[in-house]
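Here it is: the structure, laid out below.
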Amino acid sequence: MLCLRNVLKNCLSARKTCSRNISALYITGDKATENYATLQPYMDFNGTFSDRQSLDQSISSRGLDIRLESVLAKYEQYKAHHAQLSKVAEERETVTKRLKVLTKSGGKADQLEELKERGKSLRNDLKILKQALYPIEDDFIHDYLHLPNLLHVQCPVGGEEKLLYRHGMPNSENKTPSHLARKELVHFVDNNRYYLMEQAAHFDVKAMQSLARYFVTRGDFIQTANPDFVRCVLLEANATPLSDYHLVQEEHLQNKINTAYLTGGASFESYLGAMTKLCVYPSVLPLRYVCCGRSYNRAEAQLYGPIPSLYTATQTNAVQSFVATQTASEADTQLEHILNLATDFYKAVDIPFRISYATAAALTPAESIRAVIEVYAPSLQRYVCVGRISNYGNFVSKRILFSTRREKHYDFLHLVGGPVLYTSRLIAALLEHGVRLEDCKLLGGISQKPSHQQDLQQFKDLFT
């Protein structure tokens with residue numbers, strides 16, 4: 001198991017010294033001298049504000065501290081200044097064209113001089129208006145980027161989750177000892193460091209590989225390998241709180257506001273770099289990808305405290321899904337497709353689990369709906385999340401410019417995805433349910449009883 005002590009030490013020191021006053025996703029012209037814009041998101045003002053009632057409901061249901069009236073007032077001010085700027089720019093362009101025509105036709109000197117002076121005056125006015133627009137633009141655009149996605153029609157807006165499927169009923173009469181009592185399988189130091197041994201170590205890898213293989217063979221997914229580090233601009237594009245991941249301290253950072261974060265290859269954000277500014281043909285849709293790797297999301301771990309355990313660990317092996325479709329209805333179909341595959345996997349494991357839609361208050365601003373896969377943890381006497389699949393609509397695609405071309409038009413793609421397995425939490429639940437890991441049935445065709453010859457062959461494969 002990877003030890004993150006040194007990495008976290010650097011992350012904490014970097015967090016103390018690094019302050020973020022501006023966004024990496026949108027940089028106004030006055031700040032472009034020190035920082036450069038890595039990505040310029042598409043901002044659909046008309047589309048966002050066309051259904052104000054739904055937008056206001058999304059804000060209130062999520063419990064966000066956003067006053068839509070204030071954002072709209074800033075939008076009107078932004079439009080007014082932008083219109084004034086455009087008017088002066090057009091007038092200057094007209095004067096420039098007129099000056100060229102008179103120069104070629106041999107106009108009078110006093111006319112040419114008058115047009116030159118008018119052009120200089122308009123140029124100065126344009127500079128003044130641009131400087132005046134920067135703070136207005138900065139104030140409005142960043143408030144606009146904080147607006148959430150619209151909620152899906154099936155997303156629960158009250159305080160209760162919507163149950164979709166349940167397998168098995170938990171026995172909550174007697175509290176079961178924690179999985180940490182199995183010292184021969186789990187050596188737990190803290191939330192950042194733990195070691196899986198013997199069958200637990202085998203299961204940690206085999207479960208991940210089995211589920212990914214099942215997605216490939218039965219779900220028509222393509223397996224990928226993703227980077228463990230993601231730039232801040234992609235986290236902001238996905239509206240991911242920066243506190244969810246560990247900040248990386250870099251010695252030679254060219255763009256000081258576009259810092260790197262340790263997310264792990266099995267994170268939704270790790271897919272976004274490959275999709276940024278990408279335009280695909282409709283014939284290749286839907287795109288279905290699955291990835292095995294690490295996940296370093298520390299926000300989710302805080303839900304199952306305060307006692308540290310595998311349920312609260314900040315790192316785990318995981319299986320991440322990512323799907324892109326052309327329409328909203330196709331995105332709904334793909335979310336159901338992923339849930340069906342995940343249901344098959346967890347039914348084979350055969351411990352109590354359930355799938356439900358999370359409430360609007362639990363969603364990130366980019367999510368329109370989230371389906372949560374939870375297994376029952378006997379020691380906690382509650383369900384814990386081992387996977388979640390979200391529908392983002394075209395909210396994220398507009399920010400990373402991920403599109404498809406239809407005739408002469410470009411449509412932004414609808415994204416669906418999320419981790420379908422956190423291995424560490426599943427192992428903890430299986431141990432507490434008294435399941436022998438070597439006997440646990442896994443879909444995907446990978447044996448859970450590794451022989452000496454298999455271990456030897458895997459070692460040889462590392463050098464071939």
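Using N, Cα and C of the backbone, Cβ positions are placed for all residues, glycine too.
Found this in TrEMBL, in case it helps:
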DOMAIN    51-150  domain 'Serine-tRNA synthetase type1 N-terminal'
BINDING   R298, A299, E300  ATP binding site
BINDING   R298  L-serine binding site
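Please situate the listed features within the shown structure.
Other Cβ atoms within 10 Å of the Cβ of A299 (ATP binding site), summed over all protein chains shown, number 13.
With a 10 A radius on its CB, R298 (ATP binding site) counts 18 other CB atoms from all the protein chains.
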List, in sequence order, the residues of the same chain other than R298, A299, E300 whose Cβ lies within 8 Å of the centroid of the Cβ atoms of the recorded ATP site.
D244, N297, A301, Q302, L303, T314
